[in-house]
């Protein structure tokens, strides 16, 4: 059974607060997205397995802990998810990166897939799917469906801001997936935007409208 973790770290909350401001420009917004992703990655990798390894320090031989050879992958949901990749790779630089491309139909608010490129051995990796916003949950559910159809079993989902509606939909569709959230907001408005939210994350990351 997966777990839902809402981050309460002061640094995460502070940075998200700055991201929400309308006067935060794209350059600063991009930096904040990357920094929050790195902080969330720290928490999301807490349960990675360790193994004992014998090494030699400048003083003597010693037994130290190292990651137990688990292969990792980061899979952003395009396009906004790209903003979280650099922060993730700061902590797990050996991870492979896949990409899932989706956009939200303006009429139905449901996701439409247009691209999928994953590491060849993705089924054997522990996969972290990243997207700054979890609104309706449609794109997240569809992305996890795609991964599972390709044999991926060990999946985590990470977002910066989520709506309760999206969390409910995601956890009901994929109850085995751990979900990591920077901030859980109030609700979705009539246009399916998160309230209070921070606007369109993709537009704010890339300076588009």
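Backbone N, Cα and C define each Cβ position, glycine as well.
Positions annotated as 5-phospho-alpha-D-ribose 1-diphosphate binding site by Swiss-Prot, on the basis of sequence analysis: 79, 104, 131, 132, 133, 134, 135, 136, 137, 138, 139, 200. The Cβ of residue 200 (uracil binding site) lies under 8 Å from the Cβ of 193, each of these being in the same chain and 6 or more residues away along the sequence. Following the DSSP three-state reduction, the secondary structure of residue 200 (uracil binding site) is coil.
Sequence annotations record features per position, and here Swiss-Prot assigns uracil binding site to 194, 199, 200, 201 based on sequence analysis. Note on residue 201 (uracil binding site): other Cβ atoms within 10 Å of its Cβ, all shown chains, come to 25.
When the Cα atoms are compared, residue 201 (uracil binding site) and residue 131 (5-phospho-alpha-D-ribose 1-diphosphate binding site) turn out to be 9 Å apart. Report note: the uracil site is defined by 194, 199, 200, 201, and the residues of the same chain whose CB lies within 8 Å of the CB centroid of those residues, excluding them, are 132, 133, 161, 193, 197, 198, 202, 203, 204. Fewest other C-beta atoms within 10 angstroms, among the binding-site residues 137, 199, are seen around 199.
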